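What follows is one structure encoded as structure tokens, with my remarks underneath.
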Amino acid sequence: MEDEAVLDRGASFLKHVCDEEEVEGHHTIYIGVHVPKSYRRRRRHKRKTGHREKKEKERISENYSDKSDVENADESSSSILKPLISPAAERIRFILGEEDDSPAPPQLFTELDELLAVDGQEMEWKETARWIKFEEKVEQGGERWSKPHVATLSLHSLFELRTCMEKGSIMLDREASSLPQLVEMIVDHQIETGLLKPDLKDKVTYTLLRKHRHQTKKSNLRSLADIGKTVSSASRMFTNPDNGSPAMTHRNLTSSSLNDISDKPEKDQLKNKFMKKLPRDAEASNVLVGEVDFLDSPFIAFVRLQQAVMLGALTEVPVPTRFLFILLGPKGKAKSYHEIGRAIATLMSDEVFHDIAYKAKDRQDLIAGIDEFLDEVIVLPPGEWDPAIRIEPPKSLPSSDKRKNMYSGGENVQMNGDTPPDGGHGGGGHADCEELQRTGRFCGGLIKDIKRKAPFFASDFYDALNIQALSAILFIYLATVTNAITFGGLLGDATDNMQGVLESFLGTAVSGAIFCLFAGQPLTILSSTGPVLVFERLLFNFSKDHNFDYLEFRLWIGLWSAFLCLILVATDASFLVQYFTRFTEEGFSSLISFIFIYDAFKKMIKLADYYPINSNFKVGYNTQFSCVCMPPDPVNISVSNDTTLAPEDLPTISSSNMYHNATFDWAFLTTKECLKYGGKLVGNNCGFVPDITLMSFILFLGTYTSSMALKKFKTSPYFPTTARKLISDFAIILPILIFCVIDALVGVDTPKLIVPSEFKPTSPNRGWFVAPFGGNPWWVYLAAAIPALLVTILIFMDQQITAVIVNRKEHKLKKGAGYHLDLFWVAILMVVCSFMALPWYVAATVISIAHIDSLKMETETSAPGEQPKFLGVREQRVTGTLVFILTGLSVFMAPILKFIPMPVLYGVFLYMGVASLNGVQFMDRLKLLLMPLKHQPDFIYLRHVPLRRVHLFTFLQVLCLALLWILKSTVAAIIFPVMILALVAVRKGMDYLFSQHDLSFLDDVIPEKDKKKKEDEKKKKKKKGSVDSDNDDSDCPYSEKVPSIKIPMDIMEQQPFLSDSKPSDRERSPTFLERHTSC
């Protein structure tokens, strides 16, 4: 039974019954078993139910997803509602469900050519529309392509197309090497089947081989001799009854119209820039429709070639043709033919019918594909919509995977937006990933991480050979340098320069480069963090108060903390990461983002305070404002007597001033020189420098807004796609360079980046190596384990939460994560930094997210009107490694870096903080608080969770975030990592406040809870006794013995049951269509 195909018992509703030869080679399909949760067409017979029946329905719906049909059940159970599947859907499931190892069908380019008169004389095939995803029409008067738009079809044209496919010639998997050979094959087949009279063969062949005029070809100039030859040949063929024998006619045909036909593409085709929109393996589908005066009935053919073939100038672009649809009909129905051509072209651009067209084995398969399309089509009332209005392509296309899975036997399919994103949960979801499975062996997780990442080590270097990597290096380098200088300066203040800017540069370079070279996730960027800075300040003050050697005490804390981290690595403790749900991730990442935004504005306010603006200045009273440099005593000092001023330090004095002033006046000195030589500034305008603050804010806001605008420039309508992509990739570097140039041109003395120019420790009281013994009592070495425990929690939480955010499913990383390997290298680097008295480093959330954003990849070729699809992230080790190497070399680049204004870098900080909040569900829910109900976006969780529950969840998240912010700003900030760990406990407590249904859309379901839920369901099944003992212990879905209910989806009248005495609707439909078709 397992090796044979199961025949469809509902096949009596089909006109065509599959025989044994037809089903041979198909895999086994159990009709009614493993039915997905929902289909689009589901009819229910409603009636009033009693209390007992309601309970029964509730019990059935509770286990609905685990049940399946059994065919030999009693009819007493027929009231149980099951998904209804039409015969067309059954046939499509049979087609698409085949286990085929062949590659996926290629992208199709569909072109619609119509037979039209050129200059009112000669008939030619003229391109009028084309499709990849959306329709583009040739504008009648403008000689240009229209904007891509959604193809709107008349329902009547689809019915006409269906009848055409029923009556016309269907030729599948034919061999042809040229267009004349293909045309001759089609015409001969029509004659053999009695659809075409033999005496019309030459006329049809001549018509099908007419020249093709494409939109790219602006003119089709030919000599008068050629025109005359063509016209005379046509007149002889169509008007002279004694045209000779068929052989002579064929020779005339060949000489007159086939000489210009070539199998090779023309120059215009090769130069067509539209090829950039198509993938390399694309194939063509040509649709030829037109009206002629020598046919009494339509000439219809649908051809699929065994191998795609280049057919010369048949197609606008030089791609091989796989499909050909021909419709020639009598005069007077040109519009109808045009609409049928648009219908088949639109069907070929539909992803489901596209696959069916490639896999169809006969006519009935193609008709079933049309029926499926009709089942899914949406009809608009004629009085409420103007078909002439072109519908803009949507920003995000609905995935066709659900439709395909529904027919290919996919499970757990939910239609109409019922499925939560990312694997059924509301968030990124990482509970089931292989990297977080506990092995139970010593260093088992670490070994698996190494084995997982080792095969990709070589590709991690050559995958970086792209211009995008250069942009990412420059962007992250500037962010890292700014971060190193900022934290280095704060560490110097907190530790009395025992750790300063130079130590920050060196530590960042060494730790970051080693981590990016050997860690499990090289996209993660290491940096100093706020909690580490707080700990360093408290530790220094504690050592100073108790007369401990600070660096030695810090060394032992680092060693103990590294030892504890290695224990966590050896015991696979990283599996606890699966309890970091979206609630914890978003709380942590949002807090860090807000810190970046807050610090950027805080530094600008501090700058404005240092260079204040004179708010009392008035233009009309500018004579009352002055600032004069006065000497230290009231006696003026003669220039000749002043021997302390160097010649280059003297102010510039004009000859007239020298003439009138025999002695030198201190008023000519600059502010800096006045203070340098002991003078004092006197006046009510001293200290006010309005230009610096104003210019700094221009640079700050200009850098931020320009970066945001250029990052979105990729989707703008300006410039070609390549230029837009290049500008978007360098969206951060370009504003930095532009505003550095503006700052230099304006000449205002804004504060600049200060980089150490000498390679030596910041403090003369320390060296580059810390001795482990001799500075503190022996018991301090053991007591250091207590603060080390706190540092371990800090390192583990910071590192792993950032790793979870980096490895989210929505980033589509293909090379896997390495949580254990990452923590291992963080521990090793902590030992190195402790011995060298360098700052400790851990994963930086915001910079890591910025690193990923700068390396995102999108489809290079996208159909007109289609938004580029996100493919993933360029996973490699080169960008991070070079960033940290450049950071170490920054000491030698001080002469160049000193020209970068600090406000520009603060603008980069603001951009990173805001950009990392994009796409965070927490921010979307915050915006909902300010939106009226009618203006709220159509988020998936708003469809399934009451709004008050959404606001309650948001309120709890805001409350936790506020508490973390307050804690961070106080002396108790040292327990900050413990409070982040408390977020997991808060999220666990939400299970008692929210249902699992609500949490599955608003957050991730905690794995343990999910397992418990499944166990409870199994216990319920055992108690009810509805499952055999064999099924209780198996993993197979629970099934009830109920009959399959199969009602055709294309019926015109809904009936509860179908009897054999009445003809099926599929048999009646051709009669109905014959009265309403042009075919």
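Glycine is treated like the rest: Cβ placed from N, Cα and C.
The compositional bias 'Basic residues' feature in Swiss-Prot is assigned to 40-52.
Annotated compositional bias 'Basic and acidic residues' per Swiss-Prot: 53-70 (among others), in sequence order.
What Swiss-Prot lists as compositional bias 'Polar residues' is 251-260.
Swiss-Prot lists 1062-1079 (among others) with the feature compositional bias 'Basic and acidic residues'.
Annotated phosphotyrosine per Swiss-Prot: TYR30, in sequence order.
Taken from Swiss-Prot, the feature region 'Required for interaction with AHCYL1' covers 1-62, and the record attributes it to similarity to another entry.
If you look up Swiss-Prot, you'll see 1030-1033 marked as region 'CA2-binding', on the strength of similarity to another entry.
Remote same-chain partners of the topological domain 'Extracellular' (492-501), defined as residues 6 or more beyond its termini with a Cβ less than 8 Å from a stretch Cβ, comprise 484-485, 533, 536-537, 540, 550-551, 755-756, 761-763, 765-766, 837-839. Marked as topological domain 'Extracellular' by Swiss-Prot: 492-501 (among others).
Under the heading topological domain 'Extracellular', Swiss-Prot lists 543-550 (among others), citing similarity to another entry as support. Look at the topological domain 'Extracellular' (543-550): DSSP puts its residues at 4 helix, 0 strand, 4 coil.
Feature annotation from Swiss-Prot assigns topological domain 'Extracellular' to 610-692 (among others).
Secondary structure of the topological domain 'Extracellular' (746-779) per DSSP, as helix, strand and coil residue counts: 3 helix, 1 strand, 30 coil. Summarising the annotation, Swiss-Prot assigns topological domain 'Extracellular' to 746-779 (among others) and lists similarity to another entry as the type of evidence.
Positions annotated as topological domain 'Extracellular' by Swiss-Prot, on the basis of similarity to another entry: 895-901 (among others). Residues belonging to the topological domain 'Extracellular' (895-901) score a mean pLDDT of 79 in the model.
According to Swiss-Prot, the feature transmembrane segment maps to 467-491 (among others).
If you look up Swiss-Prot, you'll see 502-520 (among others) marked as transmembrane segment.
Annotation comment: Swiss-Prot describes 522-542 (among others) as transmembrane segment, evidence class similarity to another entry.
The transmembrane segment feature in Swiss-Prot is assigned to 551-571 (among others).
Across the candidate stretches 551-571, 820-836, 902-918, the maximum count of CB pairs under 8 A to the transmembrane segment (586-609) is reached by 902-918. The stretches the transmembrane segment (502-520) and the transmembrane segment (838-855) are in mutual contact, each linked to the other by at least three Cβ pairs under 8 Å (pairs 6 or more apart in sequence). Taking residue pairs at least 6 apart in sequence, the transmembrane segment (902-918) and the transmembrane segment (838-855) share three or more C-beta contacts under 8 angstroms. Per-stretch counts of Cβ pairs under 8 Å to the transmembrane segment (820-836) identify 780-807 as the leading one among 467-491, 522-542, 693-710, 780-807, 902-918. With Cβ pairs under 8 Å as the measure, the transmembrane segment (878-894) is packed most heavily against 467-491, out of 467-491, 522-542, 551-571, 780-807, 902-918. Relative to the transmembrane segment (780-807), the listed stretch 551-571 leads the set 467-491, 522-542, 551-571, 693-710, 726-745 in CB pairs under 8 A. In terms of C-beta pairs under 8 Å, the stretch of 522-542, 551-571, 902-918 lying closest in packing to the transmembrane segment (726-745) is 902-918.
Shown for the topological domain 'Extracellular' (895-901): DSSP residue counts in helix, strand and coil, namely 3 helix, 1 strand, 3 coil. Simply put, out of 522-542, 551-571, 693-710, 693-710 has the most Cβ pairs sitting under 8 Å from the transmembrane segment (902-918). Counting residues 6+ beyond its ends, the topological domain 'Extracellular' (543-550) has Cβ neighbours under 8 Å at 495, 498, 775-776, 780 in the same chain.
Beyond the ends of the transmembrane segment (551-571), by six or more residues, the same chain brings 442-443, 445-446, 498, 536, 539, 543, 766, 770-776, 780-781, 784-785, 787-789, 791-792, 795-796, 820, 823-824, 826-828, 830-831, 833-835, 837, 840 to within a C-beta distance below 8 angstroms of the stretch. Tertiary proximity for the topological domain 'Extracellular' (746-779) is limited to same-chain residues at least six positions away from its ends with a CB under 8 Å from its CB atoms, namely 481-482, 485, 492, 496-503, 505, 548-549, 551-556, 559, 607, 691-692, 695-696, 699, 834-837, 890-891, 893-894, 897-903, 905.
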